[in-house]
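Asker: Below, the features straight out of Swiss-Prot:
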ACT_SITE  Asp157  active site, proton acceptor
BINDING   Leu42, Gly43, Asp44, Gly45, Ala46, Phe47, Gly48, Lys49, Val50, Lys65  ATP binding site
COMPBIAS  341-363  compositional bias 'Polar residues'
COMPBIAS  371-392  compositional bias 'Polar residues'
COMPBIAS  421-430  compositional bias 'Basic and acidic residues'
COMPBIAS  438-456  compositional bias 'Polar residues'
COMPBIAS  485-497  compositional bias 'Polar residues'
COMPBIAS  834-865  compositional bias 'Basic and acidic residues'
COMPBIAS  901-946  compositional bias 'Basic and acidic residues'
COMPBIAS  950-966  compositional bias 'Polar residues'
DOMAIN    36-294  domain 'Protein kinase'
MOD_RES   Ser13  phosphoserine
MOD_RES   Ser20  phosphoserine
MOD_RES   Thr185  phosphothreonine
MOD_RES   Ser191  phosphoserine
MOD_RES   Ser437  phosphoserine
MOD_RES   Ser449  phosphoserine
MOD_RES   Ser453  phosphoserine
MOD_RES   Ser484  phosphoserine
MOD_RES   Ser513  phosphoserine
MOD_RES   Ser548  phosphoserine
MOD_RES   Thr950  phosphothreonine
REGION    175-224  region 'Activation segment'
REGION    341-497  region 'Disordered'
REGION    660-692  region 'Disordered'
REGION    826-865  region 'Disordered'
REGION    901-966  region 'Disordered'
Amino acid sequence: MAFANFRRILRLSTFEKRKSREYEHVRRDLDPNDVWEIVGELGDGAFGKVYKAKNKETGALAAAKVIETKSEEELEDYIVEIEILATCDHPYIVKLLGAYYYDGKLWIMIEFCPGGAVDAIMLELDRGLTEPQIQVVCRQMLEALNFLHGKRIIHRDLKAGNVLMTLEGDIRLADFGVSAKNLKTLQKRDSFIGTPYWMAPEVVLCETMKDAPYDYKADIWSLGITLIEMAQIEPPHHELNPMRVLLKIAKSDPPTLLTPSKWSVEFRDFLKIALDKNPETRPSAAQLLQHPFVSRVTSNKALRELVAEAKAEVMEEIEDGREDGEEEDAVDAVPPLVNHTQDSANVTQPSLDSNKLLQDSSTPLPPSQPQEPVSGSCSQPSGDGPLQTTSPADGLSKNDNDLKVPVPLRKSRPLSMDARIQMDEEKQIPDQDENPSPAASKSQKANQSRPNSSALETLGGEALTNGGLELPSSVTPSHSKRASDCSNLSTSESMDYGTSLSADLSLNKETGSLSLKGSKLHNKTLKRTRRFVVDGVEVSITTSKIISEDEKKDEEMRFLRRQELRELRLLQKEEHRNQTQLSSKHELQLEQMHKRFEQEINAKKKFYDVELENLERQQKQQVEKMEQDHSVRRKEEAKRIRLEQDRDYAKFQEQLKQMKKEVKSEVEKLPRQQRKESMKQKMEEHSQKKQRLDRDFVAKQKEDLELAMRKLTTENRREICDKERDCLSKKQELLRDREAALWEMEEHQLQERHQLVKQQLKDQYFLQRHDLLRKHEKEREQMQRYNQRMMEQLKVRQQQEKARLPKIQRSDGKTRMAMYKKSLHINGAGSASEQREKIKQFSQQEEKRQKAERLQQQQKHENQMRDMVAQCESNMSELQQLQNEKCHLLVEHETQKLKALDESHNQSLKEWRDKLRPRKKALEEDLNQKKREQEMFFKLSEEAEPRPTTPSKASNFFPYSSGDAS
């Protein structure tokens, strides 16, 4: 069910599926086998094999990383690495020679570095780097990091395994598989990715919390850890499993060098400021370049010596039956054949004269150690055995075989005490062609590079540990320089989860040293002689150490640890891919939601805009129709009134005619002599009266017409105003509805967005829990394998002890019986029968003693097995507890994030509602203002209405004049 939910979370719709993309630096149309010829295999990384390839045209060598990619999404995981390599042209960064995607395989061709990785060099030489060598590496790494950080690139996987060496003594920073390329200068990342032992504290916190992202300062921390690794072969906390080391990094103080006294003050101060747990106060690469530890480095001679030593011709001798006092390391210098001589005392160590190198590089020599026991300055010899320094000048006899190495008590796997390393600084090579002992079996290694293990992946240095043994104070050298130089010799022990020391080792409580108990050494001694030339000086370095079964166990444990780290890195890569896919899906969901919100709002606005347009259009049409109707009514009314007035006027004319007839009739009734005069007078009076009446009548008709027209116009204007008011009211209601709908949509969108973000947060934490559970399952699987290995080793050791005990008892019994018989014979006490009886009693006692020894061994084995079972159960329970704490922390953080998200949403909703009130108020004020403006406009229109008083207005209705009445 959980897996189904996980698939649902990462599922994209059909139209969201990614199509094949063309990448700028990846060629799809060319078979890389047509351009490059595979000449060998360099190693096997976590994501693919690494081959040594040769360009068929130019003959240039390259390291070819071949990765099978099943989909475009997997291909995209490696594009960032290719783009970074293609855009970063720097002398200390590995160069990209080409990238091809052909037949389902991605070929990444990068610069071939014959020197190999620094961790592989340390494995080859069985020692860490000297301080001058570390200075040069640190200087070049800082310059590379300063360049990367300037391009907004975070490497995120700095370690010695990712620092490659060229034959010229320069480094090449490699493996950008988990690097991040930011788009902004201040951008931060929250991906939990990298190798645990080198992770910065802020990166570790991102496993369960994404609230505190990190920036390029994480590389500075990894740089400091890498310097400690180069000094001590292994990074800090290497004895812990990855689960524990993450907890250690997050909660412990910054790591330091195991033996600070053997390193310079500048080196210790550099590590102190680089390993600052607070990334805000941690310096940048540019600031660290000004530090005295690296600021005066001008030569890479130390690295040229290192590469020459690692690439030197090796002669191997295997000798049997060597005793501790016979083991030696000889470091001899031979002057070149030219006229150039050099004192042998100046060329006595693998560093080839560190004092001269420091002078050449303008770097001050670290303060020399006072003449003190070697235990203070040779704190890192072989983890497989004690280290002795012998030299005629030191006055130490080669027969001093009783030196024991005190071992600091800590939880680690049983240390192999069978290896011995000695440095012999007594002579120059008398003959370059001197052959070793003919009795020894010889094997010569070709002068070829180790597998370029970290051209793409860490193939060698991910699972090495530092011995951390010290010599007792009884050995005091005469020269502090030699004591300081020999401190860099070290071998490796396998990294382990932590268990008790081997039962075959006994602890000397007085000296704190370990010694073998109950058995003798019957191991072979491997003697290696390296010859190389640097700057005209031929150097020979001979190292000897005893080969034991623990060597094979160490190699096996290194391999298993590498496998575990590869498995974790594969999980990290898959987690990163899943997180990237989920982030892309979430971004797409938010983008689609915002587009949908915008479309919904635009659709709602458009709907109301259309409604308003329709309303305004209807209003306009209605007003126009009202105007037209008014015009028609006005004409009709005017016509009707004119007709009525015409009839009234005709009647009025008839009345005037009648009056005229009456006047004539009255005049005719007068005497004839008075008629003429009276007629003339009466007619004049009648004419004046007629004109006056006619004028008054016409004026009254005109006034009546104007009143009727004005009344009609007023009624029409009132109707239009009512219509305008009604339309404005409807428009304002639409505006209110529009704003209310938009406000409702805004609130709904706030709620919907909150629900989506909340669901996305749940999906993100579900994915984190899913990835965390997968990681925990892998860790439990690794722990079970480890416990099983420990149980099997214990069973094998017990079987060997059980099989060896009868032989020892028989031999011991014979010896004791012989000694007892001899004592009886010497004493001569008693007769032969008495002696036989005593011998019989002694034999019975021996049988009882041997039986008791067998019972004691059986009890011891049972106790060991019980303790081992308890230890395995304790390991599992402790791991389970740590995993439960992480899961609980993740769930608690999810709860806090969800609660904070809800609170933020409620606060946003409250702020939105608080802002809504003034928006409503502003809307109502705006609508009321428009109403007032409309009323004011109507009022002004009425006041500005013209009042026609001239007869010209009536002439529209009365085309005749008053003179037409006669």
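Glycine is no exception: its Cβ is also placed from the backbone N, Cα and C atoms.
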Asker: Write down the Cα-Cα distance for Val50 (ATP binding site) and Thr185 (phosphothreonine), rounded and given in Å.
Answerer: 34
Asker: According to DSSP, how is the region 'Activation segment' (175-224) divided among helix, strand and coil residues?
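Answerer: Per-class counts: 16 helix, 4 strand, 30 coil.
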Asker: About how far apart, in whole Å, are the alpha carbons (Cα) of Val50 (ATP binding site) and the residue listed as 'active site, proton acceptor'?
Answerer: 18
Asker: Can you count the other CB atoms that lie within 10 A of the CB of Gly48 (ATP binding site)?
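Answerer: Around the Cβ of Gly48 (ATP binding site), 20 other Cβ atoms lie within 10 Å.
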Asker: Tell me, if you would, which residue among Thr185, Ser191 (modified residues) has the fewest other CB atoms within 10 Å in the structure shown?
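Answerer: Least crowded of the modified residues Thr185, Ser191, by Cβ count within 10 Å, is Thr185.
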Asker: What mean pLDDT does the predicted model reach across the region 'Activation segment' (175-224)?
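Answerer: Mean pLDDT for the region 'Activation segment' (175-224): 84.
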Asker: Relative to the Cβ position of Val50 (ATP binding site), how many further Cβ atoms are located within 10 Å?
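Answerer: Around Val50 (ATP binding site), other Cβ atoms within 10 Å: 25.
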Asker: Using DSSP, tally how many residues of the compositional bias 'Basic and acidic residues' (901-946) sit in helix, strand and coil.
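Answerer: Once the DSSP states are binned, the compositional bias 'Basic and acidic residues' (901-946) shows 43 helix, 0 strand, 3 coil.
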Asker: Using Cα coordinates, what distance in whole Å links Asp44 (ATP binding site) and the residue listed as 'active site, proton acceptor'?
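Answerer: With the alpha carbons as reference points, the distance is 18 Å.
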Asker: Between the Cα atoms of Leu42 (ATP binding site) and Ser191 (phosphoserine), what distance do you get, rounded to the nearest Å?
Answerer: 30
Asker: Sort out for me which one of Asp44, Asp157 has the most neighbouring CB atoms within 10 A, since those are the recorded positions we care about.
Answerer: Asp157
Asker: Summarise the region 'Disordered' (826-865) as counts of helix, strand and coil residues per DSSP.
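Answerer: Secondary-structure composition of the region 'Disordered' (826-865): 36 helix, 0 strand, 4 coil.
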Asker: What are the helix, strand and coil residue counts for the region 'Disordered' (660-692) according to DSSP?
Answerer: 30 helix, 0 strand, 3 coil
